[in-house]
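K.L.:
Got a structure here, written out as structure tokens. Questions coming.
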Ligand code: LMR
């Protein structure tokens, strides 16, 4: 299996590293526009192979997409990260042009590849990649739900003093502060979370999750990378190993949850064909209202993209 990761910054390099040391692909190609940057990071990852014992061949290229030809999966991490005080949506004017041109190059050399978008604003960059690629919606998706759910699970594990492995949860909606963590679908070793934690503590964790990316931007002066890069690699693994994992993934909705045409995080089955099934939960009235509010927020940014010169 050949996987390309576009963007050799923190997120892309972390993703490539996880793909290599966990031997998720035989071949990983890292691409960046900055001369020598991807080559250097890929060489560093390759030189780690005798220490961490893996044989995934990792190479880097400067903007030469011919080297990415016939990739099975492509992860797009290109674009600017946030600085303190910025929302993800503030990145649209820079990142839309980048994601569009990266997608054109990817499709030219790997017309069959499944595309995973990580660039922000996530839901709208997934929209951008999808319309540019002209591929079926099942093959162009965004990574956010695994990351947001991981933050929610990690906060709960810390509060309850249990292993994060035993927290199962689902989170829906856009990758912004309107995201919808779902306590009703959260369990601790099979026990409903509401039986383990006081309501005010759970509400505080839900709020912290919604601002999880921003909390890190404030601490580090730039966006996170370990969890985002690992989350993207987990999606690649589900696809290349045909694992049929159930993850929240950003995809264009076509009538599910009564929503058509908006790109939102929903639980799906992920396997060798990409999104193999969208799972429709029986949301209650409150949960549905939150999802609709999230849809509205994403729609507004999709409209911004529609009116940008990049789409003229
Ligand atoms: C994240 O949630 O960590 C990413 O979307 C990056 C960011 O700026 O928050």
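Start at 1 and count along the chain as shown; that gives each residue its number.
Glycine residues also receive a Cβ, built from the backbone N, Cα and C atoms like all the rest.
Per TrEMBL, the features are:
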type	residues	note
DOMAIN	1-142	domain 'Lactate/malate dehydrogenase N-terminal'
BINDING	7, 8, 9, 10, 11, 12, 32, 95, 118, 119, 120	NAD(+) binding site
BINDING	82, 88, 120, 151	substrate binding site
DOMAIN	147-303	domain 'Lactate/malate dehydrogenase C-terminal'
ACT_SITE	175	active site, proton acceptor
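Each of the listed features needs to be described in terms of its position in the shown structure.
P.N.:
Non-local contacts of residue 9 (NAD(+) binding site) by the CB criterion (under 8 A, 6+ apart in sequence, same chain) comprise 32, 77, 81, 225.
Residue 151 (substrate binding site) falls within a helical segment according to DSSP.
The Cβ of residue 175 (active site, proton acceptor) has 29 neighbouring Cβ atoms from other residues within 10 Å, across all protein chains displayed.
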K.L.:
Go through the recorded positions 7, 11, 118, 175 and tell me which ones have a CA within 10 A of the CA of residue 82 (substrate binding site).
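P.N.:
Those close enough: none at all.
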K.L.:
Please list, in sequence order, those binding-site residues from 11, 82, 120 with the Cβ less than 6 Å from ligand 1.
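P.N.:
The ones that qualify, in sequence order, are 82, 120.
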K.L.:
Would you kindly give the Cα-Cα distance separating residue 175 (active site, proton acceptor) and residue 151 (substrate binding site), rounded to the nearest Å?
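P.N.:
Answer for this pair: 12 Å between alpha carbons.
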K.L.:
Does DSSP give residue 11 (NAD(+) binding site) helix, strand or coil?
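P.N.:
Looking at the DSSP assignment, residue 11 (NAD(+) binding site) belongs to a helix.
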